[in-house]
Amino acid sequence: MVELRLPSNSVVKKGREHKAQQKMLKPRKVKVYRYDPDLDENPTIDSFEIDLSKTGPMVLDALIKIKNEIDSTLTFRRSCREGICGSCAMNIDGTNTLACIKPIEDISGDIKIYPLPHMKVVKDLVPDMSHFYAQYESIEPWLKNDSPAPSNSERLQSIKDREKLDGLYECILCACCSTSCPSYWWNGDKYLGPAILLQAYRWIADSRDDNTGARLEALEDPFKLYRCHTIMNCTKTCPKGLNPAKAIGRVKNLIAERHGV
């Protein structure tokens, strides 16, 4: 029998409780994952009581309130607050999403917040995105065209060709989809994952790019592409409503067509 043991410092323990100092009109408890690698201690779940009557409507508003008024050491990423930049991607109430567009009212009971799953944690709710970005760089996500550029205009495309990019270019690389994918959890060192494969197809589908063959050859690998088993977590969790699984399927179809299948 195989015995699997977690490292001793991986067990999440109960952390500090920050109780309300005064009566609240709309009290709500927020439970947040805390981890600081510099302390060489187990991660914990800290509990904070906040007044929703004095807090904005989104989960990110609650985190900002906690950081500003209760515990300034709480660490998380955020920027646009409009679901555009992808900085505040995290696991909220068991689902990967963006804290800035997740309404508190959609959550019943305690608000439970963790970093994106199966990624190294820099601190608290901040995941290490370096491997994810390296995978993105590996697909060469820029227009590649070996023909001379037009002298008096940009490289143009028809309205119909432009529409082929809808549902692809909107990806904000938040990694919600990839970190919800069990195949990426198991083979993330080699499998590119839903987000990167959707981005790869974005350039394959672009009529202005003439490196389609080379791009497909680069993806034709048992691990890079074919670890996708259509589990569909990626499509379900995408905060932009995109369909990475569909894009992956199209890449597989194009490769099959190249081999006459």
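Every residue, even glycine, has its Cβ placed from backbone N, Cα and C.
Note that the coordinates shown come from a computational prediction; the quantities given were computed from them, not determined experimentally.
Marked as domain '2Fe-2S ferredoxin-type' by Swiss-Prot: 28-119. This prediction places the mean pLDDT of the domain '2Fe-2S ferredoxin-type' (28-119) at 97.
Among the features that Swiss-Prot reports, [2Fe-2S] cluster binding site is placed at Cys80, Cys85, Cys100, with the record citing similarity to another entry. Long-range Cβ proximity for Cys85 ([2Fe-2S] cluster binding site), meaning a same-chain Cβ under 8 A and a gap of 6 or more residues, is found for Ser79, Ile172.
Beyond the ends of the domain '4Fe-4S ferredoxin-type' (161-191), by six or more residues, the same chain brings 83-87, 89, 95-98, 116-119, 127, 129, 131-132, 136, 198-199, 201-202, 205-207, 221, 223-224, 227-229, 231, 233-240, 242-244, 246-247 to within a C-beta distance below 8 angstroms of the stretch. What Swiss-Prot lists as domain '4Fe-4S ferredoxin-type' is 161-191.
For Cys171, Cys174, Cys177, Cys238, the entry in Swiss-Prot reads [4Fe-4S] cluster binding site, with the evidence type similarity to another entry. Around the Cβ of Cys238 ([4Fe-4S] cluster binding site), the number of neighbouring Cβ atoms within 10 Å comes to 24.
The feature [3Fe-4S] cluster binding site is assigned by Swiss-Prot to Cys181, Cys228, Cys234. For Cys228 ([3Fe-4S] cluster binding site), the same-chain residues lying six or more positions away in sequence with a CB closer than 8 A to its CB are Ser183, Tyr191, Pro194, Leu197, Ala245, Ile248, Lys252.
What Swiss-Prot lists as ubiquinone binding site is Trp186, and the listing cites similarity to another entry. Under a cutoff of 8 A between CB atoms, and with a sequence separation of 6+ in the same chain, the neighbours of Trp186 (ubiquinone binding site) are Arg227.
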Using a 10 Å cut-off, grab the number of neighbouring Cβ atoms around the Cβ of Cys100 ([2Fe-2S] cluster binding site), all chains included. 25
When you measure from the Cβ of Cys80 ([2Fe-2S] cluster binding site), how many other Cβ atoms are you left with inside 10 Å? 13
Provide, as an integer number of angstrom, the distance between the C-alpha atoms of Cys234 ([3Fe-4S] cluster binding site) and Cys177 ([4Fe-4S] cluster binding site). 4
Run through the Cβ atoms and count how many others sit within 10 Å of the one on Cys181 ([3Fe-4S] cluster binding site). 28
For Cys174 ([4Fe-4S] cluster binding site), which residues in the same chain are close in space, meaning a Cβ under 8 Å from its Cβ, but six or more apart along the sequence? Gly86, Ser87, Ala89, Leu98, Ala195, Pro239
